Amino acid sequence: MKGIIYLEDGTVFYGTGFGKEGNEFGEIVFNTSMTGYQEILTDPSYAGQIINMTYPLIGNYGVNESVNQSKCVYAKGFIVKNIDENPSNYTSEINIDQMLKNMGVVGVFGVDTRSITKKIRSYGTMKCIISNGELSIEELKKMMDASNIVDDYVNTVSTKEIIHIAGNGNKVAVMDFGIKNDIIENLKERQCDITIFPYDTDYNEILNINPDGIFLSNGPGDPKSIPEAIENVKKLIGKRPMFGICLGHQIIALASGGNTYKLKYGHRGGNHGIYDVQRDKAYITAQNHGYAVDEESVLENGMIITHRNLNDGTVEGMKHKSIPLFSVQFHPEGAPGPTDTTYLFDQFVNL
């Protein structure tokens, strides 16, 4: 089955198709992780995107449903150099090709993924069509011209109903913008009594459960695309201790009077270095975001920068000077990636 990667600038890469047969449009991004392809695919933050893996060998240890970060794959496509259809791992249940077929995801392998990555780094994230169907280049061009990138997927990935997970510890209200399972597991490990709310839940309904703390989850797209959530968070700030991760971090910035902006090609992978200003220590972290917090705008609104990216100096963490409010851009839960910064969950429950 022929596979095609058609980029916004007209560049075409030919490979072999796998997974679901079809044609999908999305924003192409690259991920630098060497492992964790299953967690990456099932991370709701990739909604609407086509993931290009820089590491050349994908699928070596198979697929085990227990490590999925959500119930399905929201990404539009998956690009790899080589796939292993005969994995060797005692926990493996199916191979990567079967996973993509089961989840309805178009895949292409056998292309130069490093070349694609260099192009994204030079050009920035761009529109892309991934195809293993029967469309010609001319038909793919027409599809490209008629399509636009959408940065509002939170409504798609957020829970549609309130979910309660009983625990014996602190009562935590979670605003779900596309939460990963391992974040929930970290809260459960700390005995939290968890109530997960849809992203657009009114602030009064959240306060009605009398939570000890409020957690803002990760999620896909542009934080400015969900103004209703920003307005609710504005009204919640200062009412209870609050902690945000990834998209939740950006929403806290906006709700506090700060600003966010789109990065040229984002940070995605399990090997991103950050500096913890308060601990005077560097950590390797998992990251997955295309937007960042504008530093000056949050400093003007009572924030202190707590973490910085060691590659480009962007804001990776902040806290308020006088109220129990903090957030980080990276993923302390890893999944996939290091878990050296899970102390942040302890910091939250101890506020």
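Backbone N, Cα and C atoms are what each Cβ position is placed from, and that goes for glycine too.
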Could you look at SER45, SER66 and say which one Swiss-Prot places alongside GLY219, GLY221, LEU247, GLN250, ASN288, GLY290, TYR291 in the L-glutamine site? SER45
GLU333 (active site) to CYS246 (active site, nucleophile): how many Å between their Cα atoms? 11
For HIS331 (active site), just count the other CB atoms lying within 10 A of its CB, please. 27
Whole-number Å only: compute the distance from the Cα of GLY290 (L-glutamine binding site) to the Cα of HIS331 (active site). 14
Farthest-apart CA atoms of SER45, GLY219, GLY221, LEU247, GLN250, ASN288, GLY290, TYR291, residues recorded for L-glutamine, distance in Å: 13
Measuring Cα to Cα, how many angstrom lie between SER45 (L-glutamine binding site) and CYS246 (active site, nucleophile)? 9
